[in-house]
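**Student:** For reference, the structure I am asking about is given below.
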Amino acid sequence: MSSSPLSKKRRVSGPDPKPGSNCSSAQSVLSEVSSVPTNGMAKNGSEADIDESLYSRQLYVLGHEAMKMLQTSSVLVSGLRGLGVEIAKNIILGGVKAVTLHDQGTTQWADLSSQFYLREEDIGKNRAEVSQPRLAELNSYVPVTAYTGPLVEDFLSGFQVVVLTNSPLEEQLRVGEFCHSRGIKLVVADTRGLFGQLFCDFGEEMVLTDSNGEQPLSAMVSMVTKDNPGVVTCLDEARHGFETGDFVSFSEVQGMVQLNGCQPIEIKVLGPYTFSICDTSNFSDYIRGGIVSQVKVPKKISFKSLPASLAEPDFVMTDFAKYSRPAQLHIGFQALHQFCAQHNRPPRPRNEEDATELVTLAQAVNARSPPAVQQDNVDEDLIRKLAYVAAGDLAPINAFIGGLAAQEVMKACSGKFMPIMQWLYFDALECLPEDKEALTEDKCLPRQNRYDGQVAVFGSDLQEKLGKQKYFLVGAGAIGCELLKNFAMIGLGCGEGGEVVVTDMDTIEKSNLNRQFLFRPWDVTKLKSDTAAAAVRQMNPYIQVTSHQNRVGPDTERIYDDDFFQNLDGVANALDNVDARMYMDRRCVYYRKPLLESGTLGTKGNVQVVIPFLTESYSSSQDPPEKSIPICTLKNFPNAIEHTLQWARDEFEGLFKQPAENVNQYLTDSKFVERTLRLAGTQPLEVLEAVQRSLVLQRPQTWGDCVTWACHHWHTQYCNNIRQLLHNFPPDQLTSSGAPFWSGPKRCPHPLTFDVNNTLHLDYVMAAANLFAQTYGLTGSQDRAAVASLLQSVQVPEFTPKSGVKIHVSDQELQSANASVDDSRLEELKATLPSPDKLPGFKMYPIDFEKDDDSNFHMDFIVAASNLRAENYDISPADRHKSKLIAGKIIPAIATTTAAVVGLVCLELYKVVQGHQQLDSYKNGFLNLALPFFGFSEPLAAPRHQYYNQEWTLWDRFEVQGLQPNGEEMTLKQFLDYFKTEHKLEITMLSQGVSMLYSFFMPAAKLKERLDQPMTEIVSRVSKRKLGRHVRALVLELCCNDESGEDVEVPYVRYTIR
């Protein structure tokens, strides 16, 4: 991932870590920053416990320490128009100590274009007072108050962070000077039509604890030289990922023990597997082993005050294609403030007189600017466009700038992530009509309605067009909620004939409330789509939104059929998995509909726009597959907590889900055994043995039996299996080359001894016994003392390691072994399984893993099982929070990123609705608010292919009418002849989905039978599925040869049958 120059780490180093060591360290920095009050935050604030069930996903972004800092920070948000309410919403969801809303203005029609907590009946009322109760509902932990007085110094002194939005420059300078002198953090945010501005001043001594938010890296050491400087070589399994200037610490190094536990050492990267540290020439010889871990060292950064930075600005780039624009807009915004101060209003939309005056003012500002700011020439065209749109107020721009500003507030409170240093300018001029003559002053005049702020930028024609749009929103989670809010604000589907259809089959959970801002605590367990639809109707009563609860996929194509898609103007994805995204992408390509795609991961986000006949599709490029953990690593040779957590998840499935499912199938499906025996490798043996254990060998009758089973299973996994492994591979075992077997990624384990007084051991038994009981419909117990008492009487069989037990060292060995099956053992199992007739009414209860319910023992089992195995292998354990992240495959999320990303999505929506045809009008985007980094690029054009002289892309296809003029359907022979005659293509293979309909190597008898059959009849017979009445056309894939016999790539066929 590329990053901006401003994301480069500021490097610091210090004196020796301890007497006699040659390694420089971060010790001086640690002591230096510890003397500075942490970011000036109030230390006497309430240290309330963090509600992990509410802040779960955000905690994985910020961490507990940063979250505690947020909870001690009071924030003032001044200005409650669209931008101010967006910032307030995000920081209230984030969980700061308290928020005060300040505004002395009253609600106007133009405010309703983007201020989602103002309604038509609020016109004439104070914006802060009206917004306060609606914002207060977002988070019961955050007191929200309204203030309508002046921003006097005594009032400002009560806050740790002050946010000014849509504030005059004179007020910004006055408040900025005061805040800088008092150590109060300041964020200034402003939006003007399609332009946005952000400024940060977090004082002269801000302590930054983590500049990027990434998990500290670690690597296994294979060699350290005795040299000045010493060179560390890591195992070549994976690149170490460190950067020059990073600090690292060492552990488990054998031989060169001076490295173990030393203070963090600054490194210089030499290559992907090597880096230098310090003078190691006087250290002991390196023997083997060791883990090197990155250490996040706090650092101090300094900000200039607003007046000083105004004269000598530093910019964060938002678009490298507009490299000179920030400096121009720095002048332009100062000129705009001057214009507003002189006229008590912004320039009138599309008014040439006002635009000319703003250009003149900008030239005067430039002329008197200091050398650091002064430009050779003022970009008159840019300043004119600023004048044309400055009266506008757009929800998507406010969402983007508001998301960024709220993240900066969180940085100011916590010291987590690199702040914006110090100015950021943004514009989305590509949203304006491609026809530069399309907009006039008359078209942009206010209409005294809720869209005036948007009409000022785009005119009334686009507003009418937006109202008529029919859009399909797939998902009503975090991105879905933000999209619905923006749709309501911009008027999408709010006019005659317009509609937004939203589908989501999920219900609301408490952990959703932290970022899915349309939901409230009293909505928990309700359907997301219904609740979100009702919430946005409050924001704009004119939005015509229909809510569904359907999963998108082949099963719902009778609902989302040809008629449904053909009536749509576009689709917006708000999905959380790649499979569903790719499915929707295929549907959009087939129906030739625009697709707005986006996603977030913590502080990272991306936006992709897919335009028919213009861009590639979402599926045209794919991320590389996630690296999987080798099975033998999981089974026998774990070396990281991720390995033990995955092992624990597999244990959960293999103990509490799969056996119960297999037993139920065995008891109800007479062909289960026959089908199981056809499985590959050792699977038949494993499945039938599990069924035998569940029904015969380990079937419990009482709660006490479940406790006994859990205790026995504990001994099997954490003692007996480890002893067997060490019997096969003793600690001093050597490989065939004479190297130690237990070295590098292989950590030598040790067996554990069960101790009922060990909390972790009892945790395991409690969770395992309760889950085991649940699978049999038995009642469990949460009485730890009673379980401990039961364990005293459990007899554990003596275990002796066996000779001849094969333990596979590599996955290749395992695959070879899987090829052979013990047929006699299978026959024995079939004979000993009880007949289903002898177990009438018996069934088991499979357990689906649910990570977010802390009372169901699921995570209790995972944490205990993983940490016990980690103890076996001397791997550092993981707490419940980290375990839930890894085992539950949780996607970290925070409201700020979602707001910013959806703002960008809706800027693309403006272009789609206008029908922009130039590729460079559209922008795919990537951002990382932690760095901060912003990257925009033109979408890639759809790749072009050719057969003969015919060019085609993924948007093209052959259209074949299946019904002939005589009313009969085309046969396979007629279909093949049609392509030979019409397109000079010889079809060599023809398929529909996974069904092969025709191939050149098909047996002659089968071919003869099919040639005269109608196409749909062949499809139904081969797929063994009857075509539904909703199916009007089939997608057929072809392999073809041209007239010279060469294989050619051709588009798919849309074969119409109705």
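Numbering starts at 1 and runs along the chain as displayed.
In case you wondered, yes, glycine gets a Cβ from its N, Cα and C as well.
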**Student:** Of the residues Ser835, Ser876, give the one that Swiss-Prot describes as phosphoserine.
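**Tutor:** Annotated as phosphoserine in Swiss-Prot: Ser835.
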**Student:** Looking at phosphoserine as annotated by Swiss-Prot, pick the matching residue from Ser25, Ser46, Ser131, Ser883.
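**Tutor:** Checking Swiss-Prot against Ser25, Ser46, Ser131, Ser883, the phosphoserine entry points to Ser46.
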**Student:** Based on Swiss-Prot, name the residue from Asp504, Asp562, Asp563 that is recorded for the same ATP site as Ala478, Arg515, Lys528, Asp576, Asn577.
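**Tutor:** Looking at Asp504, Asp562, Asp563, the one Swiss-Prot places in the ATP site next to Ala478, Arg515, Lys528, Asp576, Asn577 is Asp504.
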**Student:** What is the total of other Cβ atoms whose distance to the Cβ of Asp504 (ATP binding site) is within 10 Å?
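**Tutor:** So the Cβ neighbour count for Asp504 (ATP binding site) comes to 25.
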**Student:** Compare the C-alpha of Lys528 (ATP binding site) with the C-alpha of each of the recorded positions Tyr55, Cys632, Ser810, Ser835, and give the closest one.
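**Tutor:** Result for Lys528 (ATP binding site): the nearest of the recorded positions is Tyr55.
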**Student:** From the recorded positions Ala478, Asp504, Asp576, Lys671, Ser810, pick the residue whose C-alpha lies nearest to the C-alpha of Ser835 (phosphoserine).
**Tutor:** Lys671
**Student:** Which ones are near Arg515 (ATP binding site): of the recorded positions Cys632, Lys671, Ser810, which have a Cα within 10 Å?
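**Tutor:** Of Cys632, Lys671, Ser810, within range: none.
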**Student:** Tell me the Cα distance separating Asp576 (ATP binding site) from Ser810 (phosphoserine), rounded to the nearest angstrom.
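**Tutor:** That separation, Cα to Cα, works out to 34 Å.
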**Student:** So, in DSSP terms, is Cys632 (active site, glycyl thioester intermediate) helix, strand, or coil?
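**Tutor:** Helix, per DSSP.
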**Student:** Minimum Cβ neighbour count within 10 Å among the recorded positions Asn577, Ser810, Ser835: which residue?
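**Tutor:** Ser835, out of the recorded positions Asn577, Ser810, Ser835, has the fewest neighbouring Cβ atoms within 10 Å.
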**Student:** Of all the Cα pairs drawn from Ala478, Asp504, Arg515, Lys528, Asp576, Asn577, the residues the record ties to ATP, which distance is largest, in Å?
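**Tutor:** It comes out at 18 Å between the most distant Cα atoms.
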**Student:** Per residue, counting other C-beta atoms within 10 angstroms of the C-beta, which of the recorded positions Ala478, Cys632 reaches the highest number?
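**Tutor:** The largest 10 Å Cβ neighbour count belongs to Ala478.
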**Student:** Can you figure out which of Tyr55, Cys632, Lys671 (the recorded positions) comes closest in space to Asp504 (ATP binding site), comparing Cα atoms?
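**Tutor:** Sorting the recorded positions by distance from Asp504 (ATP binding site), the top entry is Tyr55.
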